[in-house]
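Remarks on the structure that follows.
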Amino acid sequence: MALAAGIGYALLALGPAFALFVSVIAAKPILVLLVLSSTLIWLVSLILLSAIWRAFLPLGSSWLLFLLLFTCVLFQEVIRPVFWFSYKKLEGLLNMLAHRMSKPELKYYEKMQIALAGGLGHGIAHAVFFCLSLLTPSFGKATFYAESCSQMPLFLVAALLSLSFLIIHTSSMIVAFNGYDDGKRSSMFLPPAIHFAASFMSLINLSQGGCLVGVPLVLLCAAAAMCYCGKIVWVKSLHTKFHQFADNITIQGNGLTDKPQSSRSFLYIPSRGCHLPIKRWWSFLNIELRNGTTVDYGLLFLQAHKPDFGRLHEVLQQYTLSTL
């Protein structure tokens with residue numbers, strides 16, 4: 001039973017990382033190198049910070065513990081944009097190599113995989129530093145409970161916190177890379193905010209029975225980071241899919257209005273007199289429709305869940321045929 005418990009704690013902490021590595025990372029050597037380099041960078045940063053704070057041990061007051069967490073998180077968040085600048089140099093080299101080999105440049109999903117590899121390395125480093133070193137005794141015949149939390153084994157608390165920060169670091173890297181690329185301040189500042197919030201919430205575990213509150217709160221931060229990351233990836237993939245679709249459309253003559261004719265959501269083609277209803281507002285794209293040397297611009301409002309690309313293509317085909 002002790003062996004099963006130890007393996008279970010290890011899989012709980014690092015199981016998702018192993019699944020991502022096997023399904024996404026392992027197939028591309030460059031992603032493997034990025035995971036290893038990212039893990040090394042974050043491990044070295046944590047070791048340097050621990051060496052600095054070792055001079056202040058034992059911490060005599062709670063404000064020193066708060067200051068320790070603040071400096072550690074701040075240092076890691078300062079490294080994140082440095083990591084992104086290094087990635088941009090790598091992206092430039094890869095695109096240059098692609099041009100020389102007559103290959104296409106990095107696509108959006110490939111950039112997201114690079115961000116995923118960097119974030120996964122950060123999460124693995126956190127798990128190795130804060131969890132795996134504690135799990136060795138869990139393979140013994142007994143378990144261990146902290147005085148402040150007699151309801152949950154210390155190993156389970158460590159595994160759940162490591163899982164939470166693995167999700168936070170992996171998702172935050174994708175969100176931050178997207179924010180740096182697009183210049184979106186919300187995506188730039190959300191990763192540090194979630195990292196600080198989750199780290200400070202983990203201090204609740206030091207109070208009596210605090211693990212019953214602190215661990216779920218940290219897991220909630222991880223869920224929020226993952227949902228926000230999922231939203232960004234979904235919207236980006238939707239926009240990329242539509243732009244790929246729009247690039248294959250040829251419009252004969254002028255047709256799309258610069259603005260919708262009312263506040264209702266539809267695509268309006270005036271010379272055709274055709275309205276394409278859209279069920280929900282989601283976002284608008286500035287689409288470039290090419291006709292030889294002529295460029296027409298229009299606004300398109302997409303449905304939230306299932307954009308009807310087939311219906312859109314049918315309407316545009318009808319419009320094209322009517323203007324020939």
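Every residue, even glycine, has its Cβ placed from backbone N, Cα and C.
Listed in TrEMBL for this protein:
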- 29-49: transmembrane segment (TRANSMEM)
- 56-76: transmembrane segment (TRANSMEM)
- 114-135: transmembrane segment (TRANSMEM)
- 155-177: transmembrane segment (TRANSMEM)
- 189-207: transmembrane segment (TRANSMEM)
- 213-234: transmembrane segment (TRANSMEM)
Top partner of the transmembrane segment (213-234) among 29-49, 56-76, 114-135, 155-177, 189-207 - counted as Cβ pairs under 8 Å: 155-177
Long-range Cβ neighbours of the transmembrane segment (29-49) (under 8 Å; 6 or more residues past either end): 21, 71-72, 75-76, 79, 83, 113-114, 116-122, 124-126, 128-129
Selected stretch (most C-beta pairs under 8 A with the transmembrane segment (155-177)) from 56-76, 114-135, 189-207: 114-135
Close approaches to the transmembrane segment (189-207) from elsewhere in its chain (Cβ under 8 angstroms; 6 or more beyond its ends): 65-66, 69-70, 72-73, 76-77, 80, 146, 148-149, 157, 161, 164-165, 168-169, 172-173, 175-176, 179, 213-215, 217-218, 221-222, 224-225, 228
